[in-house]
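This is the structure I want to talk about, given as structure tokens.
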């Protein structure tokens, strides 16, 4: 830190941070916001001199992600990007690029202004070398400048839905001495360090739940944790209420839309079966009123 007399410390992150026993531990869990009075005593710190560094959050279920606020102990990155995955890390899409010099760091990427809420641009507002500490990088998934006509549309829902969030730092800010002297000891003066990383969102239930519980196998005692197992209603089931309950396949599964619950509907098998499946051809043939087909009919019945 430029304002401190002593500039070099030996870090030991083998054990978690402790105010007195291990104050020089800088593990990634230190970025979890506590809002405690001593929050500036702990931070995450990257390896010295390394420019390409990644922080990845792997969530236990689908979530609605709304915004990210990162508070840095060091200079903010000269270049970075935020990415998302909605299929547990199989594929990734860029949310936004950030750079002091967008054209140099991310050539070919528009610098805006945004024309649509899902435009991918490079933002220069959060990449200045000043302040040298406690500078923020802020990202909102839905820019308040855009009026969202239908928040339940697939386009908006897909923008919000994540299972993984990845922040890639690609360029360090330096004071220029590394350009005159390429020795490792010069480069090692620079690194990324973060006090807080606030990730805001809520459990993702397609409108079929109003509360969430802990996912099986995950701790429920983490303070402030948003749980990922939806307490499903409207005859739905699954971690995210993404399926109809068994024997509720008379209508296709749909997400709720505003005041319309789009609840799954029970099949009508006249008491001769407890199993059914949805058939789109049957649904369309009935004028989109009933698509449930009874399976394993009993009592000498069929159809």
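The backbone N, Cα and C atoms fix where each Cβ goes, and this holds for glycine too.
Sharing the feature lines straight out of Swiss-Prot:
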{"type": "DISULFID", "residues": "203-212", "note": "disulfide bond"}
{"type": "DISULFID", "residues": "205-230", "note": "disulfide bond"}
{"type": "DISULFID", "residues": "232-241", "note": "disulfide bond"}
{"type": "DISULFID", "residues": "244-264", "note": "disulfide bond"}
{"type": "DISULFID", "residues": "267-276", "note": "disulfide bond"}
{"type": "DISULFID", "residues": "269-294", "note": "disulfide bond"}
{"type": "DOMAIN", "residues": "1-202", "note": "domain 'Laminin N-terminal'"}
{"type": "DOMAIN", "residues": "203-266", "note": "domain 'Laminin EGF-like 1'"}
{"type": "DOMAIN", "residues": "267-303", "note": "domain 'Laminin EGF-like 2'"}
{"type": "CARBOHYD", "residues": "52", "note": "N-linked glycosylation site"}
{"type": "CARBOHYD", "residues": "288", "note": "N-linked glycosylation site"}
{"type": "REGION", "residues": "202-303", "note": "region 'Domain V'"}
What whole-number Å value do you get for the CA-CA distance of residue 230 (disulfide bond) and residue 212 (disulfide bond)?
4
Nearest by CA distance to residue 212 (disulfide bond): which of the recorded positions is it, out of 52, 241, 267, 276?
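Among 52, 241, 267, 276, 241.
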Rounded to the nearest Å, what's the C-alpha distance separating residue 244 (disulfide bond) and residue 52 (N-linked glycosylation site)? Just drop the number here, would you?
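Approximately 44 Å lies between the Cα of residue 244 (disulfide bond) and that of residue 52 (N-linked glycosylation site).
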Spatially speaking, which of the recorded positions 205, 232, 288, 294 is closest to residue 267 (disulfide bond)? Use C-alpha to C-alpha, please.
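Nearest in space to residue 267 (disulfide bond), counting only the recorded positions, is 294.
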Taking residue 205 (disulfide bond) as the reference, which of 52, 241, 264, 276, 288, 294 (the recorded positions) have a CA within 10 A of its CA?
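Among 52, 241, 264, 276, 288, 294, the ones whose Cα sits within 10 Å of that of residue 205 (disulfide bond) are 241.
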Within the domain 'Laminin EGF-like 1' (203-266), how many residues are helix, strand or coil going by DSSP?
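Summed by class, the stretch gives 0 helix, 11 strand, 53 coil.
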